[in-house]
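According to Swiss-Prot, the protein has these features:
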- Cys116, Cys119, Cys137, Cys140: Zn(2+) binding site (BINDING)
- 116-140: zinc finger (ZN_FING)
Amino acid sequence: MENSSIVKSPNPTIEEQRNEIEKLKNLTGIEEVHVDGAKVNKRKRTFDEQSEITKDYIEYDFSKIEDTKGGYLLEEKKVEDLREKPAERELREQEERQKKLRLAPLNLDPETAPKCFECDSIELDTKYFDIFHCRVCHTCREKYPDKYSLLTKTECKLDYLLTEPELQDQELLPRLLKANPHQQGWSNMMLYLRYQVEEFAKKKWGSMEALDAEFERREVQKKEMKEKKFEKQLLELRKRTRTSNYSRMSIREKRKHVHSYDEEFEKPNEPGVIVQRCKCGLEIEQLEI
C-alpha cells in the first residue's frame with residue numbers, strides 16, 4: 001500500500017489555497033476555516049435567521065396591532081395615555097370592572113346563589129353588589145329609598161359630620177364614582193350608600209341622638225363665630241369712619257389760631273406779677289417795674 005503525500009509548493013497560489021480549504025471542509029465537516037493571510041469565509045444565514053433590517057419584508061400580526069392614528073403602529077401592549085387624569089382612570093377602571101361582572105354567567109342555583117336582603121331574590125343589582133357589597137335587587141332598591149338611596153360626599157360631611165379621610169377610605173365606606181355633572185374636567189362625583197353611612201355614623205358618635213346633639217352644638221358655635229366676625233368687621237368700619245371724619249374736619253374747619261390775651265390779673269401771693277391769659281388757656285407773666 002502506497003502512502004499518498006501532498007506536496008505543498010513554497011508559494012501556493014490563491015486557487016491552490018481555496019482547493020485546500022475545500023478539502024479540509026470535506027474531511028472535518030467544519031463550515032468555517034480560518035487561514036492565516038486569507039479572508040474568513042462565513043456561512044450565509046438562512047432566510048429565517050436574517051435580521052429585521054436585511055429581510056425583504058417584515059411580518060406583523062395585525063390581530064395584536066392597534067392603529068393609534070399617530071403615523072405609526074404599536075404592537076401588543078396598549079400604551080397608557082399620559083394625559084389621562086387619575087380621576088378619569090379610576091372611573092374607567094370601575095366601568096370596566098362592572099362590565100366584566102355584567103357579562104359573567106349568572107348563578108342560578110338557589111342554594112349557593114347570593115340573595116336579596118329583603119325578598120330573597122337572586123336577581124341582584126350588579127352595581128350595588130360589586131361596589132357596595134350589598135345584596136339587593138332592583139325592585140327593593142326602589143322600594144326602600146330611605147335605606148338604599150345614594151348620598152353625595154357633601155351630604156355626608158354636612159349631615160353626618162364625616163371627615164375627608166373617612167370618606168376617602170374605601171374599606172370603611174365603599175363609593176360609587178360618576179362623572180361630574182357640572183363640569184367634565186372636574187373631579188368625579190362620589191356617591192355613598194345611605195344605610196352604610198348611617199351605620200358608620202352611629203359607630204363614630206354612639207347614636208343618632210348624639211349625632212344630632214353634636215350637630216346642634218356646631219351650629220351654635222358657627223353662629224357665635226359668625227356674630228363675632230360681624231362685630232369685628234363693624235368695629236373696624238367704625239374706626240375707619242371716625243378717622244376719615246376727623247381727617248375731613250381737620251382739613252376743612254381747622255384754622256390758624258391767634259392768641260388774644262383779653263384776661264389780665266395779678267398773680268396771688270406774688271405782688272407786682274401780672275398774668276395775661278388767652279381763651280385757649282395759654283398764660284404769660286409780666287413783672288411791673
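Each residue, glycine too, has its Cβ placed from N, Cα and C.
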Subject >> Near-site residues: Zn(2+), ref Cys116, Cys119, Cys137, Cys140, CB cutoff 8 A to centroid >> reply: Lys115, Phe117, Glu118, Asp120, Ser121, Glu123, Leu124, Val136, His138, Thr139, Arg141
Subject >> Close approaches to the zinc finger (116-140) from elsewhere in its chain (Cβ under 8 angstroms; 6 or more beyond its ends) >> reply: 94, 97-98, 101-102, 106-108, 110, 148, 174-176, 193, 196
Original post:
Where does Cys140 (Zn(2+) binding site) sit by DSSP, helix, strand or coil?
Top reply: helix
**OP:** Show which residues of the chain containing Cys119 (Zn(2+) binding site), separated from it by at least 6 in sequence, have their CB under 8 Å from its CB.
**Re:** Cys137, Thr139, Cys140
Subject >> Intrachain C-beta neighbours of Cys116 (Zn(2+) binding site), sequence separation six or more, cut-off 8 angstroms >> reply: Ile122, Glu123, Leu124, Arg135, Val136, Cys137, Cys140
Original post:
Which of these binding-site residues has the least crowded Cβ, counting other Cβ atoms within 10 Å: Cys137, Cys140?
Top reply: Cys140
Original post:
Per DSSP, to which secondary structure element type does Cys116 (Zn(2+) binding site) belong, with helix, strand and coil as the options?
Top reply: coil
